[in-house]
């Protein structure tokens, strides 16, 4: 024999889940115990409706008088209608009737009627009275004792087998219940059998039911299986739970109940309590009121209309017509007695529910769902087993407004008839649907291969765009959110479309994954708003948030610029605390030389500022602190004092003061403060990270040069930030000046390193990356390397001093601007002129002859002009290399690639031009 199992009960299932043999007795006992509520919970009786007590009283009065008569009538009818062949099959080899046989639908029949041969005490112990049957009752049935023969296929409803009585004609509104509830109560493979059984029982059971009612026959225990007046006793629940757990079944519904609580109306143990279907409340009524429209499903809809298949392969989702949220809420639902599910219930439906492993590897929250609108009604307190309750997220108007501003288009225009969700059959259902249209069919390319434009949204089977679904509906309907679309070649073939294992109604959403196109870099963004560059919308504006944050390079002046402590005022030209003020005075005036024990990059903060005096002093110079700033302040006070005493007579003391002042100013001019700042902020040595143990190759050398350029660019930004007057420029002008002049600055600094380190015989890019003749040829930029080496040799021929180099390098920063000008062009011109004057002052400091000073100024400015053509050639070379980088396997760091792709084309096209001192 075989017994079909469900979640904690006996009901028809597909033949894959069967247990044979020894479990028959255990299941028979479990079923009888479940049917006996027991009188142990008096509070459960008080929780039942008033109609339940009246029904129980009538059944108790009629049970003792007419139980015997009913069983005799059933035996007579069975003997009259049973054919001789069936009687022969029912007899065993020893002549005794078989204890069990197959029912009309092929399911096992488990008889539960009391035998006439049993004593009267056994008959009085009925499940409706709350007493527990004797343990030997179930055992006797399995040992071949005489038992009641089941009814033939065309018998009335009272003699139906107990397994079918759970889902057969006694279950109200089976044909009109929602598709989700149908999948819970009976799988897709057994739904047709139950519907046929229901149609037969409706036609045949009406006459027998009227005859039984006229004769006063009570309803049997099978008819009232769902109509108990009390909850399950503790023993029954514990026994059912133990058996279910031992067999791998889930009884989550029982775990949520405490003694005395009522179960949900759609639960398998919930009592209907004899209330007519017409007066039962409709759980989906609040949903219909919330949506503002009623679904026009009629109560007399046939089973074929309500069991329509959606376009999903295999028919996994049935009866979705008019149920955009898994709810069959209609105006006539109350009168038809339909058992409905609230909108917040969402099923984990699978095409392979028999495999337990199907649930273990699923990610139920990895689907791009979105909701914008009023939230559904709150979930009920106790969910059914296999139904998961989720509280939907309400993004409200803020989410709707944000979605409307999405770069993929206005979402308000996407709410059409095709956006009502899968299988929305009526126009009212489509209008009242809450399926969000954030991801349209044309945007499927962002999340996977698009399945074409097939999809119909019309009719009862519209499944969405790209699904090849049935029904010629609106083009471009919204595709279901939870599945992968078929390949391009299989877009129109429904047989090749694999339906999702899990379908989510609109009431479930966990997170909304936003699209991340691969063309947009994840770490970098644009710097400029005026030029989109060859990559479309990709700009470099947000690059400062990752690599060059403007807040980092230009912090607010509220704390000490050296250690970050609270600043006490402006000391020696910078906003510092008292401790750093005293330290700088002693360190700058003293003759002690500080050396860093590390790599000149020690952290200087409030707690570690005394660890490394060398790095602290260097940071003071970078902040602009100089001893001359204090002297200039004194000179300013002295000048004001002289103006106040202009009316007084001249005295010998005043003449002496004027002589000291003039000599002091002349001495100050020969030792400019500007040089002290430039020496302090000059960047240190930067390594390229090149592996010199590997053989030289074009890709390796150029990749190392690009990496070195990225590292040096960061130092250039820090150096420019520390230049006097640079912070007074507009922020956009600051970033533009750095982006346009970075190549010339690096070439000029590399030429100086080559002159000081290798006497201009090689190109000293970095200590670990020095180019000789072989590497110049290997890098395929030999002509550019020759010009850079010639620039390095100019430093030796002209005998450039370190002071002249520092001033020329600072002036080179302000030597290239856009043709249209900067945002604050006037201040830029003034700042550039000040740096030119500083260069002239440095020249005049060493030379007393004006003719010699003019000649020197001419030589230095010609050297500055010679840097611009070299930088332009390197701009062209790097831009061409970036375009072919994927072909030659040359790596470009993010920041370098952004600047080369966005700013270099402006220089090459003539929108940005250098400022020359001499006519070219």
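Please read every residue number as a count from 1 along the shown chain.
Glycine too: its Cβ is placed from the backbone N, Cα and C atoms.
Annotated range for zinc finger in Swiss-Prot, selecting from 521-545, 596-620, 621-645, 646-670: 596-620. When Swiss-Prot records 706, 753 as binding 17beta-hydroxy-5alpha-androstan-3-one, the matching candidate from 559, 576, 878, 919 it lists for that site is 878. Comparing 395, 572, 774, 858 with the features listed in Swiss-Prot, the residue bearing the annotation phosphotyrosine is 395.
For the residues 778, 846, 906, Swiss-Prot attaches the annotation ubiquitin cross-link to 846, which does not rule out the feature elsewhere. Swiss-Prot lists zinc finger at one of the ranges 560-580, 707-727, 728-748, 791-811, namely 560-580. As annotated in Swiss-Prot, ubiquitin cross-link applies, among 222, 313, 848, to 848.
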